[in-house]
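*Asks:* Below you'll find the structure I mean.
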Amino acid sequence: MEKLLSAMLSMCILLQAYQVRRTVGTWLFPACLYGLFWFLMTFVPIVVLPLVPTPAFGVFLILLMAVAFSFGSLSVDWHAAARLAARPTIARMYDHYPIRLSLLLSMAMAIVCLLVNSRIQGISFDRMFTFDAAVEYTENRYSGDLISNIFLQMATVLSYVSAALAGLVFGGVTGWRRAWILFLGLAPSVFVLLTQSAKGAFVLSIAILYGGVLARRINERQFTILAPGTLRRIGMYSLILFPLIALSFVGRGALDRQSLSQVTDSLLRYFASYTSAHLYAFCDWANFYGGLPASQMFPYEKNTNGFYTLMAVFKLFGDNRPVPPGTFDEYFQYGYYVQSNVYTMYRGLITDFGVVGGMVFMTASGVLVHQIYASMIRRIYPSIATGAFLVFIAATYSSAYISVFQYNSIFVFGLIMVFILAVNRASVPVGASQIGNVAGNSV
């Protein structure tokens, strides 16, 4: 019965997003995108693993946070914004040489940095793409034995930059060139996927690339989240991407098992945990937080005051409290197929601010993000607004696992994107063809 209630609450996340869509007239809107994402992140685990209990209280908290974020959209007069959106803007803004040159440079520099990082970690070039090297790198990452270096940090940021730029360029090319742009945008994260068994950066890069696609559509006044034929192309690309992800799971040691059935069973376990465990882990923690039955005891943490939500900012000001890999030590486990210490962004958010404080934070975030979106439409500081929109897309995807603002790389990524977009905008020749003449500031 509680499973059904959880599914109904998940549907409510979709319904509130649909209500916003009815009001603004498009799904390509921050509140709608956030609601759609969290509907999928709750409903899919409930359906895929029907025998795993899903405490409804946790899904209810997620619904509250999604609604609070949507409330932030009320800060903008969308009827006035819609009138501006109907007016044209500069055509093919992202098809100029600064964007394409930056794409090539960011991809190449990211690969070079990854190669140097591998050597720093003691992995030679001749064994870099072997399963043994991937397992060794993964073990060092989880044990905290990786050698911190600037090349690894640069590679992380540049891989996000190349993905975002590929997304911006993608809509301006056709045929085989699209596959080439995707390769350039995702090559660094595929390198990480195969040599480090790190799936998070790879999937986040895909999300950022899609954010670039959406940003281009907003600029060109095409307010759709899926173009004709998109689902067919997604199916084609998935035939390539899923085997790569499976290889990364194998790199975690699945080949150590002797029989094919054991390897297959292990891969199913990894996929189940990676796609669904975040919801079940958070719901178990939420039950404990709310004084309801939970599978384990969790620590009561006080005076975090935003640490888990904005960890990068706290560390910038000298807060060096230790944080375990994955942020939390406690592992949620149910049966054989579900095991994870990933509790979504909301565990940290509620620990930091409480439920009511978390809703206030989400509403304030909604106000900020929707003001950014309105700036994109109105062409007010479009480079800054577009860079911030890409950060929002990254934050939305990451919210299923952690707060993306735990890492300073996301701030550096945003600043680099603003710089590249501003240079690109300055390179647009006077009198360039337009889809309209929307007034706005130059950056």
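Cβ atoms are placed via backbone N, Cα and C, with glycine included.
Straight out of TrEMBL:
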type	residues	note
TRANSMEM	27-49	transmembrane segment
TRANSMEM	56-76	transmembrane segment
TRANSMEM	96-117	transmembrane segment
TRANSMEM	150-174	transmembrane segment
TRANSMEM	180-213	transmembrane segment
TRANSMEM	234-255	transmembrane segment
TRANSMEM	353-373	transmembrane segment
TRANSMEM	380-398	transmembrane segment
TRANSMEM	404-423	transmembrane segment
*Asks:* Could you give the residue numbers and ranges of same-chain residues that sit at least 6 residues beyond the transmembrane segment (353-373) on either side and whose C-beta is under 8 angstroms from one of its C-beta atoms?
*Replies:* 29-31, 61, 64-66, 68-73, 75-76, 218, 306, 309, 346, 385, 388-389, 392
*Asks:* Among the recorded stretches 56-76, 380-398, 404-423, which has the greatest number of Cβ pairs closer than 8 Å to the transmembrane segment (96-117)?
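*Replies:* Stretch with maximum Cβ contacts: 404-423.
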*Asks:* Using Cβ atoms and a strict cutoff of less than 8 Å, what residues sit near the transmembrane segment (404-423) while being 6 or more residues removed from its termini?
*Replies:* 98-99, 102, 153, 156-157, 160-161, 164-165, 308-313, 315-316, 327, 382-384, 386-388, 390-391, 394-395, 398, 443
